[in-house]
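Undergrad: Annotation source TrEMBL lists compositional bias 'Basic and acidic residues' at 1-21. Annotation comment: TrEMBL describes 1-55, 582-614, 630-652 as region 'Disordered'. According to TrEMBL, the compositional bias 'Low complexity' annotation covers 29-41, 586-597. Here TrEMBL flags 68-103 as domain 'FCS-type'. Taken from TrEMBL, the feature repeat 'MBT' covers 165-269, 277-378, 390-480, 488-584. The compositional bias 'Basic residues' annotation in TrEMBL covers 598-614. If you look up TrEMBL, you'll see 633-644 marked as compositional bias 'Polar residues'.
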Amino acid sequence: MENTKDLTEHSSRSERKRRDSFGMFDGYDSCSEDTSSSSSSDESEEEVAPLPSSLPIIKNNGQVYTYPDGKSGMATCEMCGMVGVRDAFYSKTKRFCSVSCSRSYSSNSKKASILARLQGKPPTKKAKVLQKQPLVAKLAAYAQYQATVQNQSKTKTASVPVEGFNWGNYINSNSLTAAPVNCFKHAPMGTCWGDISEGVRVEVPNTDCSLPTKVFWIAGIVKLAGYNALLRYEGFENDSSLDFWCNICGSDIHPVGWCATSGKPLVPPRTIHHKYTNWKAFLVKRLTGAKTLPPDFSQKVSESMQYPFKPSMRVEVVDKTHLCRTRVAVVDSVIGGRLRLVYEESEDKTDDFWCHMYSPLIHPIGWSRSIGHRFKRSDIAKKQDSHFDAPPHLFAKVKEVESSGEWFKEGMKLEAIDPLNLSAICVATIRKVLADGYLMIGIDGSEAADGSDWFCYHATSPSIFPVGFCEINMIELTPPRGYAKLPFKWFDYLREMGSVAAPVKLFNKEVPNHGFHVAMKLEAVDLMEPRLVCVATITRIIHRLLRIHFDGWEDEYDQWVDCESPDLYPVGWCQLTGYQLQPPASQSSRDSQSSSSKQKKKSKSQQYKGHKKISSLQLKEELLDGEEYSFLQGASDQESNGSASHYIKQEP
């Protein structure tokens, strides 16, 4: 194949807008000659690209692919891009398909390799040694490709934009920073986000084009905000005029090389198409050594959004009207791992409760009996045949504890997050010690005589703290209601009450390297109205304890939440999963004057204030109905906020 072509002939072909093997329209690719310095004489630009045998990346370091049958053993040559059986590859590292590729890689041919991958060309003569098993390799790779396409089509409808609110504009206008995805292990891609960062290249739709068909171009990540990325088309250099935000997990975001394997055209944006005469050479230069998404990125996104809980499953969940007991509820729907649970006795399905599938508030059927926790029995006659018990292995596991030695005892004092007012850490008392490390806790000065407002935390819960935690960490401790001797002093209070503090060594003192920082943005559940996910900010960090502020709302609505709470999500989570995001209150009142939005704001205020101590006192005056049963031991992991606990205080 000649290395140069007659410009007149090229111009004639341009008018016909023929696509070359690079996937670009000749009308925009003003110089389509092969710039590879090591192209094979057997190769031709007119060759038809083979079946999509892989989704190549710029740097794969001999990456081993895993195909749908679960068997590992395929590899991609780093020089020529040939996919084959790994055991047939050359050298111990299995990075190259032949001695020739290994030597060529070490010489001066990296650009040629990159160009070959972008063009989607078949392997050169150097890779013929692998032709013994081409069918197996291609069938496996093609099966993976088909599975990826199917997964993408399933998730195309998941994106739900929030009318009137745009994370990109919000972050840009205020120069904000978002918490990275790998801080949220329970969220999609939280454990396999990898090194996606600024500078990573992707193939995205080209919106700066007047062609009638959908075309693509390469863009680089300028800024990351959770799942959202600010992208800039290659060739714009420092020009940010066409920068745009998108969800990196969206169905239109692909690794570099996807267009070549999928037969999609790469077309430079109209604004800059005149800047270069040889777009191939430009891309080869810019992409040499660059990083892109893994070839199976979209497949991993799809897999990470598969949830084991299904509608009609029965669980035990905290009774939202009486925190001291649990009830049976049925999974009605699952969105992004969040469950809408309908209490089994609700005939019209309006009596519901929202929580994440890893919430400490839900348990398998029979949990209350095994622990001894109070339980409101449902009318068995109402159980529907279509409902079935959720398997126990689906629920979040708590750490095993050794309670045979020194352990928590009834009457011991501690500090705890109030589940009815999550902005407050209060003086509290252990009211009952239950099995398997569970404790029933009561807030001093606000308890009902019958214990109907006790709530359950596990001994390892990050929502309970040793005496003195707030003082050491300069957090305001809420004293017992009606306690007159202020400022509150633990020493005096313990002496007056004839009580002792729970030993410091019994509390959970683990502080993970969570990666959160003050002022980071995220999406957080309003745990006082758990169906709502809101725009939020981290305003304070105490070891593993995070202070979550809901943007646009007063500080009194802040909530203390644990860094590993399943009720915190990266920016862009709502859009990715199809959940409705609640914008900042100030923007909501500015942009939407409808009565419905006003009602939402009103209901949120009522929800918070109604769940504070005035409402809790009213709850205490209510007696539990006759259907409630108390088993022998009693407790329920009611970390109602997935909240927090950190303390470095050492035992005296």
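Heads up, the Cβ atoms here are built off N, Cα and C, so glycines get one too.
The shown structure was predicted, so the numbers you read here are calculated from the model rather than taken from an experiment.
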Undergrad: Per DSSP, how many helix, strand and coil residues does the repeat 'MBT' (165-269) have?
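TA: Within the repeat 'MBT' (165-269) the tally stands at 16 helix, 29 strand, 60 coil.
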Undergrad: For the repeat 'MBT' (390-480), how many residues does DSSP put in helix, in strand and in coil?
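TA: Its residues divide into 10 helix, 33 strand, 48 coil.
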Undergrad: How do the residues of the repeat 'MBT' (277-378) split into helix, strand and coil according to DSSP?
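TA: Counting residues per DSSP class in the repeat 'MBT' (277-378), I get 22 helix, 38 strand, 42 coil.
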